[in-house]
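Have a look at the structure that comes next, please.
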Amino acid sequence: MEQLLSILHTTLRMTTPIALAALGGLYAHRAGVLNVALEGMMLASAFFGVITSFATGNIFLALFVGILASVVLGFVFSFFGITLKGNLTIVGLAINTLVAGASSFILQVVFGQRGTFANQKIVGLKELDIPILRNIPILGDIFNKHTPIVYLSLLVLVVVHFILYHTKLGVYIRTVGEKEDAAVSVGLPVNKLRYISVLIGSVLCGLAGINIALENVTMFVENMTGGRGFIALAAIYSGRGTAIGTYVFSLLFGFADAMQIRMQNIKIPGAFIQMIPYLSIIVVLSVIGLLNKRSRRVSDDV
Amino acid sequence: MSVIEVQEVTKRFGDFTAIDQITLDFAEGEIHAICGENGAGKSTFMNMLFGLLQPTEGQILLHGKPVDFHSPKEAIHSGIGMVHQHFKLVPSLTVFENVLLGEEMTQSLKIDRQREKESVQATIDNFGFDLDAGDKIEAISVGAQQRAEIIKMLHRNVDILILDEPTAVLTPQETDELLDKLIELKNLGKTIIIITHKLDEVKKCADRVTVIRRGKKIGTVYNQDVTEKDISRMMVGRDVSLDFDKKPCTCGDLVLQLNNVTATSKLGKKVLEGIDLEVKQGEIVGIAGIEGNGQAELMELFSGTRKLTDGEMIYKGKKINCCDPAALRKMGFGLVPEDRYRDALNATMSIWENMIAGRHKDYCKLCFFDDKVIRQVTKELIEEYDIRNCDNIDALVSTLSGGNAQKIIMAREISCNPDIMIMSQPTRGVDIGSIEFIHQRIIQLRDEGKAVIVISSELTEIMNLSDRIYVMHKGKIVGERETSQTNKEDIGLLMAGINHQANREVAFSYGT
């Protein structure tokens with residue numbers, strides 16, 4: 001039992017960055033922009049967050065700089081991909097590669113570190129111990145003692161859903177993605193809406209990146225996002241572009257991540273264990289693909 | 001009193017003058033038809049009124065004041081609405097959400113859906129449209145989608161409504177309903193501008209007609225003063241006749257026969273069901289039907305790109321069940337597919353390359369193209385088929401207009417000397433001058449003793465050309481008629497799935 005609760009606690013922790021990136025990427029997805037740069041945005045935020053935290057010791061400043069880095073990349077992505085109409089996949093991959101390379105490079109040149117950057121001066125996010133939750137059995141074990149960003153991510157879910165389905169912005173974003181002509185014909189600012197979609201994603205990716213780097217480990221490791229940007233994309237597709245669906249699949253992938261962490265004590269080579277989250281994605285995507293095919297068949301026959 | 005005055009408006013795209021010094025006025029409360037061949041500049045002209053394009057020279061006056069729209073939004077705010085040929089509706093949203101797109105009613109931040117729905121339904125009822133504001137666009141028929149588009153404009157209080165080729169996607173019955181509705185709207189004081197090249201519709205509803213040819217205004221006439229013939233003469237610049245004195249059909253041997261042919265889609269849905277059909281030498285068989293009722297699949301069957309799952313196809317007494325386009329062509333199939341640039345032409349290749357497509361072997365000398373022969377044959381065919389703007393045969397085929405591109409396909413297929421010619425939508429997007437030419441060639445083919453199948457959703461075309469007509473609905477043949485013993489209404493009802501002669505009412509629904 002204690003094991004299970006502990007796994008669920010870790011699940012929520014591991015879900016948070018995936019869910020934040022996925023919920024952020026959701027807007028771009030609905031606006032018809034394939035945001036491949038989620039990964040790079042998160043990594044940039046993690047890197048600059050750690051550096052700022054190290055330099056100033058101020059967690060809020062770290063948060064701000066991390067998100068700022070991510071937003072800057074969002075602008076770069078939007079400019080090349082939307083304004084200049086470049087190939088989104090290429091632009092996104094370029095940003096991911098750039099961030100991965102630049103972060104290692106800066107680490108080595110400026111800080112003389114290879115691969116990891118850990119230092120006692122780096123201030124991390126404090127876990128919250130919420131008095132009310134603490135005393136509730138089971139729920140308390142799962143939901144208590146997380147970083148503020150974890151709780152924030154649950155709030156983000158609600159807000160994202162509300163914006164997407166109950167506000168003008170949400171309707172416009174969906175219109176732009178589904179039928180651009182319709183948006184143009186009533187004078188909606190198509191490119192501006194796409195920029196907004198990508199930039200909302202950047203802000204949330206910024207939060208995700210900070211959470212990865214500064215929650216438990218408080219250090220920066222090369223490529224520490226480990227493909228979570230792409231996992232987020234998988235969650236968006238699996239969730240069929242809905243906020244709740246996206247979060248549910250983020251949870252699933254987060255759970256696989258938690259299992260992976262838990263099972264590292266078992267005597268199986270670590271590399272195999274570390275494959276679990278990625279294998280789970282392949283399985284989920286395959287199942288979703290089959291289900292989609294079947295539902296298409298049904299709707300086709302009507 | 002004129003609501004819009006257009007004064008010496010010119011629009012240039014680079015060196016090309018699309019609209020040349022057009023001066024025109026639209027009176028309040030009239031239906032004004034703008035006619036012209038494809039590429040005459042009708043759409044360009046309307047896009048300027050609607051703010052999608054800006055004139056290079058000249059000015060547009062609205063209620064006597066010069067206006068300069070830079071976006072459709074400005075035009076709508078000034079009371080000009082446009083219903084485009086391709087609807088600008090979001091399929092997954094409801095009718096009311098589409099109608100109010102960009103002008104949502106909110107309560108603080110939240111969209112007030114209930115109020116939105118009521119408000120749109122009120123407009124719908126007010127104008128007496130048959131539409132439910134709460135339906136999703138993807139679930140309603142094309143005719144209803146068009147009504148939603150019109151409501152979208154009316155709800156924004158426009159008093160000038162521009163409709164671009166509104167009847168292209170409608171059944172004959174839906175077309176009549178629309179025209180009646182437009183007259184009703186006119187009587188409510190709206191000004192309606194309708195762009196079309198279907199002259200019978202112009203005659204039915206318009207008060208005045210303006211004809212545009214090659215970017216120039218030919219003239220504005222009162223509908224009651226002119227005949228369809230007069231208008232088409234203005235459009236083309238010469239007498240055009242689509243009523244041919246066909247010789248009676250002298251049918252020969254059976255060429256192609258389909259017995260109980262059934263085909264299923266990849267997902268297991270029957271797209272063709274129990275098709276029985278035959279064509280004889282020297283006969284034109286028309287296949288009528290609203291688009292999407294199995295005609296495309298039938299065409300795929302003929303072109304060897306779809307397998308039949310049941311039944312048989314018999315060609316010249318022999319059963320053929322191959323699924324091999326090249327073999328079919330060798331056997332004497334000539335094909336003019338529906339979508340020119342998907343199935344018949346390669347847009348990124350030159351005119352001559354397209355002219356010999358599929359027959360490369362005939363033009364080879366020691367494995368290399370015989371350039372001289374190819375050029376000569378291409379030029380001869382261009383001459384024979386009166387294909388214009390083709391002086392440079394190395395130019396990309398996509399630089400040609402619809403009519404001329406279609407003639408390239410016709411020239412290529414007919415010059416192969418086929419025994420059976422199968423054409424799908426042979427005059428789609430083709431101007432009236434070229435339609436006349438293409439129709440003449442089709443009849444000529446028949447008189448030469450070829451078997452011809454014409455698949456078309458254009459009822460006039462089917463009636464004018466065919467000796468015999470099959471009507472398709474939901475993948476089935478729902479009726480067969482001798483052309484001489486039927487009329488448009490009869491075929492129109494069959495197209496809608498109502499076989500009134502058999503006294504059997506099939507649900508009045510359109511395959512979407």
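Easy rule for this one: first residue shown is 1, then count along the chain.
From the backbone N, Cα and C atoms, a Cβ is placed for every residue, glycine too.
TrEMBL: automatically predicted annotations, no manual curation.
Dumping what TrEMBL says about this protein:
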TRANSMEM  A:31-52  transmembrane segment
TRANSMEM  A:59-82  transmembrane segment
TRANSMEM  A:88-111  transmembrane segment
TRANSMEM  A:149-167  transmembrane segment
TRANSMEM  A:195-218  transmembrane segment
TRANSMEM  A:230-256  transmembrane segment
TRANSMEM  A:268-291  transmembrane segment
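How about a rundown of where these features are and what they're close to?
Beyond the ends of the transmembrane segment (A:31-52), by six or more residues, the same chain brings 17, 21, 24-25, 58, 61-70, 72-74, 77, 81-82, 88-89, 91-93, 95-100, 103, 106, 117, 122, 173-174, 176-178, 180, 193-194, 197-198, 201-202, 205-210, 212-214, 218-220, 223-225, 227-230, 232-233 to within a C-beta distance below 8 angstroms of the stretch.
Non-local neighbours of the transmembrane segment (A:195-218) in the same chain are 13, 16-18, 20-21, 23-28, 30-31, 33, 35, 38, 41-47, 49-50, 53, 59, 62-63, 66-71, 73-75, 77-78, 81-82, 118, 122-125, 127, 147, 149-150, 152-153, 156, 169, 173, 176, 224-225, 228-229; each lies 6+ residues outside the stretch with a CB under 8 Å from one of its CB atoms.
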Residues sitting near the transmembrane segment (A:230-256): Cβ under 8 Å, six or more positions beyond its termini, same chain?
7, 11-16, 18-19, 21-26, 29-30, 34-36, 38-39, 157, 160-161, 164, 276-277, 279-281, 284-285, 288
Which residues, given as numbers and ranges, are at least 6 beyond the ends of the transmembrane segment (A:268-291) yet have a Cβ under 8 Å from it?
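For the transmembrane segment (A:268-291), the list is 227, 231, 234, 237-238, 249, 252-253, 256-257, 259-260.
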Six or more residues beyond either end and a Cβ under 8 Å away: which residues meet both conditions relative to the transmembrane segment (A:88-111)?
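Contacts with the transmembrane segment (A:88-111): 33-37, 39-41, 43-44, 47, 73, 76-77, 80-81, 117, 220, 222-223, 229.
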